[in-house]
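J.: Input: one structure, supplied below.
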Amino acid sequence: MEKTVPGDETKLVSNHVLGNAALSTKKERLGDPKLSTAGNRILTCAGEEKRVGTRTVFVGHRPVSETDVYVEQKFCDNRIVSSKYTVWNFLPKNLFEQFRRIANFYFLIIFLVQVIVDTPTSPVTSGLPLFFVIIVTAIKQGYEDWLRHRADKEVNKSSVFMVENAKQVKKHSEKIKVGDIVEVKADETFPCDLIFLASSNDDGICYVTTASLDGESNFKTYYAVRDTTGLRTDDGIDSLTAAIECEQPQPDLYKFVGRINIYRSNQEPVARSLGPENLLLKGSTLKNTKKIYGVAVYTGMETKMALNYQGKSQKRSAVEKSINAFLIVYLCILVSKATVCTTLKYIWQSNPFNDEPWYNQKTIKERDTFKILRMFTDFLSFMVLFNFIIPVSMYVTVEMQKFLGSFFIAWDKEMYDEEIKEGALVNTSDLNEELGQVEYVFTDKTGTLTENSMKFIECCIDGHKYKEGISEVDGFSHTDGPSKYYGKAEKCREELFLRALCLCHTVQIKEGDNVDGLIVNQECSTYIASSPDEIALVKGAKKYGFTFLGHEADCMKVQNQKNEIEKYQLLHVLNFDPVRRRMSVIVKTSTGKFLLFCKGADSSIFPRVQQDEIQQTKVHVERNAMDGYRTLCVAFKELTQEDYKKIDEQLSEAKMALQDREEKMARIFDDIETDMHLIGATAVEDRSWTVSQEYGLIIDGSTLSLIFNPSQDSSSSNYKSIFLQICLKCTAVLCCRMAPLQKAQIVRMVKNTKGNPITLSIGDGANDVSMILEAHHPVNRSPYLCHSGIKGKEGRQAARNSDYAVPRFKHLRKLLLAHGHLYYVRIAHLVQYFFYKNLCFILPQFLYQFFCGFSQQPLYDAAYLTMYNICFTSLPILAYSLLEQHINIETLTSDPRLYMKISDNAMLQWKPFLYWTCLGAFEGLVFFFGVYFLFQNSSLEDNGKVFGNWTFGTIVFTILVFTVTLKLALDTRFWTWMNHFVIWGSLAFYVFFSFFWGGIIWQVSFFFQPFLKQQRMYFVFAHMVTSVSTWLAIVLLIFISLFPEILLVVFKNAKRKNHQTVPFNLPMLLSYKPMENGYISEMKIEDAVTNLTQRCHLRIPQMQQL
Amino acid sequence: MAVNYNAKEEADGHPSGVGAPGGAGKSRKPDNTAFKQQRLPAWQPILTAGTVLPAFFIIGLIFIPIGIGIFVTSNNIREYEIDYTGTDSYSPCNKCLNVSWNSTSPCTCTINFTLDQPFETNVFMYYGLSNFYQNHRRYVKSRDDSQLNGDNSSLLNPSKECEPYSTSEGKPIAPCGAIANSMFNDTLELFRIDNETRIPITLNKKGIAWWTDKNVKFRNPSGNTNNLTALFQGTTKPVNWPKPVYMLDSETDNNGFINEDFIVWMRTAALPTFRKLYRLIERENNLQPTLQAGKYSLDITYNYPVHSFDGRKRMILSTISWMGGKNPFLGIAYITVGSICFFLGVVLLVIHHKYGNRNTSADIPN
């Protein structure tokens, strides 16, 4: 790789290189000659290598040598700015962002047209609602930003301890500069990205949880730089002279390469490699470690956490997609209405006495305008007149419904868990209704179903089965003590196997509070590990007499069956990773033997052991896997002194590398992990697994990888689609022994199928990063539900990274079946209702154009136009969309079939939309023509006086308001006092307002000027209500409008009753899907399955429920 | 305004103050209130055949009589209508058809007609116009309500909405605007012909406008004097008017802006074919009907040109009931809807009865 930078020095450590700040921008030099020559394979990835600049950090700002001038480098300070706005830019920036929303922009355009062109309605009619929406949004966003400011301030002003001149100094967090030495105590959050120098533990280890960064709630182990672990005091750490060379900040949380050069007086500087295990990230929390020292390398907005900060991603639910589709339809209706009117207007006006009769002359200005321009402004005027058909307030109402509605989830006491004192949590109210639409649930069985408790069930050593408790036919009989057993395997093999279990893991011991430090009390010690099955294995070994006692310096202590303590020097560890699917340790026994232990999935172990040993174990592994246990195979290899020396050298070199370190390490281990000897296999049970479910298909990770990454053979390319087809037809598919990445692959695969079904991923926060990331995928979201069985702060933080969190898995039932269903029905109804009520609002106005010479004369008064959506009809639907329970919660929860009825976004498909649109159109026609016929004789009072055009409009409007409100009342199946209050209150308010509005001669003030330049509504309403004919017409027309709906509901109910003998009586929504019975025919699936089995060699033990 | 709490936003341990419900409260246990648990007592009505059937019958039974009542009432209303536009050549008013605004000598014509039946109660005399777009936007807005309300500054500075009828010869027009300018100015007189003698019928010109319009909405400009001529000083008459607004009537309480003919005209009609109240004929005594059956003649001073826009003029005599003028629509609509309701009720009852017997258990629970 050095070839790419010709002439660059290849000397690994050079204080001149490091001391020279100018060189810090130099291209990175990687690897060393040996490594590069050893394997040309490494070079294959050189093309992809992304060269980033490096930075040099001087620990404690101390120059590394007297000969070099210390140059202060400029790095950003440690201030975190998560707020979007400042006082100064709030107004322009916020307005700009708000008008980027298509709806707001539309209303702005309408408003501007009204201001510029002479339009039938004053700018206030559309300006006021827009103003209202903008103000409300701005206040909300301003408040949120203020909270962010406050939180930023709290973080920036929080005190941290730094070591300066061998003294502890307390400072604000924002004052930290790159190179400062920072001290962090237990349970504190790291104030910036730190290179871990020393901890209070002798072994230079600390535990950290990154729950708030990536949602992973387990403890991770970090390692201090080996040569600085001793500097455990302020004085000590202050004496350190070192320089760190590392890459410039990049957002990947799991990647870091760097190098530290430690200078000691009169000695050659020592270089040590730094990796992600040395970098403590800002935002993560120190756990189980009294304190640590670290040197700041990335600060403020350059920390990995800040780089990972993304602004709110605009999330779109299926409902929103439907809204947008409907909006386009209505926009088309709007444009065509305006076009029709404009065309007809000019046809009508071609007759000169229609265009300009003597009683209605144009102004000079009007006459002089070009015809084309006039037509254009006419078109715009019609657009303005009909623009109310696009419901401006719908967005506000939808947002309010989502925001307020989500409170009900958090308030639900049935989803509160007494034990962990947590209720449900909603982090994303955008997707509430999506919970009612979930078609595929992905759940991580390990943690979620079992609540993280795993049990060591059995093991097999050299093909002999060892099982506790139950006597086995082919195995051995059970005796009283767990530490005694009989078996066919040789004693030494058994011991080797158990030692392997005790050594090959990354389990840590959390010490109890009152530990004397020398002997760890077995009773009060707790195992901590990143994966619960590791603990299960260590505990399993303990049952058979081998106890892992923890680390002491670099030794692992194991108590054997004879209660002797054995010590093994831990030389190298290569952690489990999803690609390798195995982990290895190299230890040195007290007798000086070098042993390599390896445990992993059978698929990754079997190819690496002596083939003749496999057969016996394989039988066991497969049977265990089929029973649903998690299986692992254990193998070992003895290394000679010479072998080890070589390996050790290679590994140390690999660890120095600044890039691709893991890959290099893995490659070396790959080379070692051959010709191993298989000792046995283990089976670990998830508790709930025995409470077996009806599953359809079982597939394991290795088979899955075959499907996802088919070999080059052309025939295998369609495995994925066949597999998908089968999966979609099964009620449940079990994927066992999966790598975390495969989880995301599966989710993505299902999500991307036809129709983009809505999926729900469930996990407990541990090992779910890929699922969480998939969930945050901006375009096609899959809500991530966290079931936080974990107590305490970590669990909560993991929960906070999810979209929804419930304390227990069992709460999923109510969350989906009741809350999800209700939210969906509510919001779907809300959306349809909004379009409907605006259609029948505007249709009469459109029809009126045919009778007023297409002159854009509004039918309704400006106040009515403005307030229809804001005041008269807004609250009932909001109350409905918050409180409605068309079926009560108990029934919903107990009958999952009801959930199917709203699947596929059933209530927002084109068919129900068409129904609502027809309903709106029908009602609009009834309103207009009903009143039109009534006005054939406009003397409707008993004193012979006549009504004018404003009375006409007011009658139509009154019928309209009453009809749409009563229509909602008809749809309401759950009348709480609030519904009564809002529905009857709205109508009363309308009546009151109309009296008030027409009851006063308004003194025209500046603000109301455009509203009130005419006193046209003066006593119009009062006169209207004194007319008996009007009353009769209003009652009749309301009834006619609602009649078809009532009839349809009755017929539907009657029809359903005839088909159904089920005793319970449920109101059926009109847009409910008819119940589909059963699943797809058996034949087809079996064909497909056999097809796939033949090709993929799948194991499909059970095909129930198909 | 998306309400979402992005994970990363709170990632650095910020207190979740943004309000994630139940996120970081002191006591996380949700309150056990009916509202929060969505268990508010509620009425849960279900529309079933059982509830709707009786409703249909009841509505049918209510609507049909109402409809019959309205229909009968409407039929009992006497109404007589004469089109006096004069488009037909044999019409007496044909000579006036092409009358124009600036013709100096008035054109008069007389139309004789016969009432077959007497008009017993008070009779209302309307004029009706067709194809006259009083609801045209340019026309509707062409008025200044504050001027009509007696505002002195608006009197001299009419709103620009009145254009092009706001000023004439440099003076502000009072009342300004197209509506006022085009005020109906035919004079209609009614005579009963009794043995070749023409007995004039008293036409009452007061009480034809809305009370609130006459007394509140329309006001003459105020000043020290009661002399309307002085009050309208500085303004000029609408161009189409033969005389200024303060000479509309001889009586002061019906002159100026509060002239009732003017007020009636200013209430713009909803549709291009409309009628407006012109005069009242009050019943003089209980012995005689207001208008006996017999011959009548209508004298028209034909000033108002409608032929140019293909319009029509009518004179309508009508009695009034509690429901207003003659209007068959309401009665027929009520009867139709009531019948449909009743019919559907019967149909549903039959269906329901038939199927209800088939599966007895699932019978209307609510």
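Including glycine, each Cβ sits where the backbone N, Cα and C put it.
Since this is a predicted model, take the numbers as computed values, not measurements.
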J.: Can you dig out which of the ranges A:326-348, A:717-739, A:832-854, A:947-969 TrEMBL describes as transmembrane segment?
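T.: So the range that TrEMBL calls transmembrane segment is A:947-969.
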J.: Please report the DSSP secondary structure of A:PHE576 (ATP binding site), reduced to three states.
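T.: SS state of A:PHE576 (ATP binding site) = coil.
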J.: What average pLDDT is reported by the model for the domain 'P-type ATPase N-terminal' (A:72-126)?
T.: 81
J.: Would the transmembrane segment (A:863-883) count as touching the transmembrane segment (A:947-969), if touching means at least three Cβ pairs under 8 Å and pairs must be 6 or more apart in sequence?
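T.: Contact between the transmembrane segment (A:863-883) and the transmembrane segment (A:947-969): present.
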J.: What stretch in A:99-117, A:123-143, A:913-935, A:947-969 has the biggest tally of Cβ pairs under 8 Å against the transmembrane segment (A:379-398)?
T.: A:99-117
J.: Reduce the DSSP letter at A:LYS743 (ATP binding site) to three states and note it down.
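T.: The residue in question, A:LYS743 (ATP binding site), is helix (DSSP, three-state).
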J.: Give me the count of other Cβ atoms within 10 A of the Cβ belonging to A:LYS743 (ATP binding site).
T.: 23
J.: Is the transmembrane segment (A:913-935) packed against any residues at least 6 beyond its ends, judged by a Cβ distance under 8 Å, and which are they?
T.: 322, 326, 329, 832-833, 835-844, 847-848, 851, 947, 952, 955-956, 959-960, 963-964, 1029-1030, 1033, 1036-1037, 1040-1041, 1044-1045, 1070-1071
J.: Based on Cβ atoms within 10 Å, give me the single least packed residue among the binding-site residues A:PHE576, A:ARG630.
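T.: Each of the binding-site residues A:PHE576, A:ARG630 was scored; lowest Cβ tally within 10 Å is A:PHE576.
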J.: State the residues, same chain only, that lie 6 or more residues beyond the ends of the transmembrane segment (A:99-117) and have a CB under 8 A from a CB inside it; answer 'none' if no residue qualifies.
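T.: Same-chain contacts beyond the ends: 123, 125-127, 129-130, 133-134, 327, 377, 380-381, 383-384, 387, 390, 392, 395.
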J.: When you scan the chain for residues with a C-beta under 8 Å from the transmembrane segment (A:947-969), skipping those not six or more beyond its ends, what do you find?
T.: 833, 836-837, 840-841, 844, 848, 857-861, 864, 868, 872-873, 876-877, 880, 923, 927-928, 930-931, 934-935, 938-941, 983, 986-987, 990, 994, 1016-1017, 1020-1021, 1023-1024, 1027, 1030, 1033-1034, 1037-1038, 1041-1042, 1045
J.: Could you break down the residues of the domain 'P-type ATPase A' (A:157-303) into DSSP helix, strand and coil, giving a count for each?
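T.: Within the domain 'P-type ATPase A' (A:157-303) the tally stands at 22 helix, 66 strand, 59 coil.
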